[in-house]
Amino acid sequence: MAKKEKLPEEDINLPYNHGALMNQDSDQLLVNDGDFMVVMKMNPELNRLQPYLAVRLKKGIRRYEIKRNSTSAKLATKSAPNIGKLIDVLQKDTVEIKGEKVILKRAIAKGKFQLMHKDVDFKKKLGSGAYGTVYRGRLVKTNTKIAVKKLDTEGNDDEALAEMMKEARVMQLYDHPNIVKFYGYILDDIPYLLVLEFCNGGSVEDTLVEKGAKLDTRTRITFTYHAACGIEYLHKKKCIHRDIAARNCLIHKDIVKIADFGLCRATSVYKVDLNKPTNIRWLAPEVWDIGETKANTDIYAFGVMMWEYFEVPYDTPYSAWKGYMVKQKTRGGYRLPTPSAMPPEMEEIMKECWQVDATKRPTATELREKLEETIAKGENSGTSGLEKSKSQTSAK
Ligand SMILES: Nc1ncnc2c1ncn2[C@@H]1O[C@H](COP(=O)(O)OP(=O)(O)O)[C@@H](O)[C@H]1O
Ligand SMILES: [Mg+2]
């Protein structure tokens, strides 16, 4: 990356400097007439963030560029040695900017999810997915272990920001043991980052690959149950995840947590662009006809994920087929063969998840209840299907 001139720390550290917060997010925070904050926008020519004063006037929100050089910050007729002092000057009385009277009344400070680069430390790469690279790190102040997700952008920082904020907006709303905890986002400079709870066990997919037949059936059932609890929580919050798969579930201290909210939407129905690449192997076949994803398409994906959880050795669903074949076959009614290590109770649940009639699929709550029953049955009788298939798995 070309060497760039950064804003001085004193400007970046202002409590009301929200960094590259997008307009739609800052608009929500500027509630009353006179509410203001500093935001920054990427100037691609200079490859640096340019400061703006965002303020709500009676007629709407305005954003004024602040001219900053190494010795001064200027806006309209006012000038000061730095942005903080400039704001102090502007707050003293009404200023006229572009023919409108502007009064700065209340500085809006950053929220608890807005962290800064100096708050985190990260180096070691943990993994990468379709959209980004994830690093292991820590929160400097508390030494808390974290995962830092950086979107791979090929220099298009605005697009990365838009994608990242979709993930941040939904993740902020959740707090559940089976959902990866969200600590915050970082916008004070590029690269923009998401900060998440660190999961020491990595992804379920990696665990399935590494442990192979050593992973017992009981654990596989427990993992399925945890994931169902996470999805139930999301669906109750009227969110659809849209990327349920073993690679997007993480393990922390033997608890499975749903992760990767890159495609998640806080809505009950979401139109999809079928020309864009999708997770075809987990995609409910009716989506090709109706062009919509819903809670019951998450449930279909959950069924495919159950298959992943039990297939030994781990394999990608329909690994012998290219994507278009998967699409053609599943639309024709074909479904994955039941893994040999899967107990009949689990097979039944899996098949319900991928019924052709989407309305007949269990809800996430029903799914969680069925799994709870299965676990209870397994605990009450030592010779249940669970135990039988457990010995089958270990005999493999
Ligand atoms: N919180 C985390 N703790 C530990 N590893 C993680 C964490 N988040 C992601 N990873 C690792 O990074 C990979 C990609 O993360 P993911 O959120 O799925 O990114 P993408 O949106 O690019 O698919 C995961 O499969 C996992 O191996
Ligand atoms: Mg992923």
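Glycine residues also receive a Cβ, built from the backbone N, Cα and C atoms like all the rest.
Taken from TrEMBL, the feature domain 'Protein kinase' applies to 120-375.
The feature ATP binding site is assigned by TrEMBL to Lys150. According to its DSSP assignment, Lys150 (ATP binding site) is in a strand.
Summarising the annotation, TrEMBL assigns region 'Disordered' to 372-396.
Here TrEMBL flags 380-396 as compositional bias 'Polar residues'.
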Restricting to the same chain and to sequence separations of six or more, state which residues have a Cβ under 8 Å from that of Lys150 (ATP binding site).
-> Gly132, Thr133, Val134, Tyr135, Pro191, Tyr192, Leu193
In the predicted model, what is the mean pLDDT computed over the domain 'Protein kinase' (120-375)?
-> 95
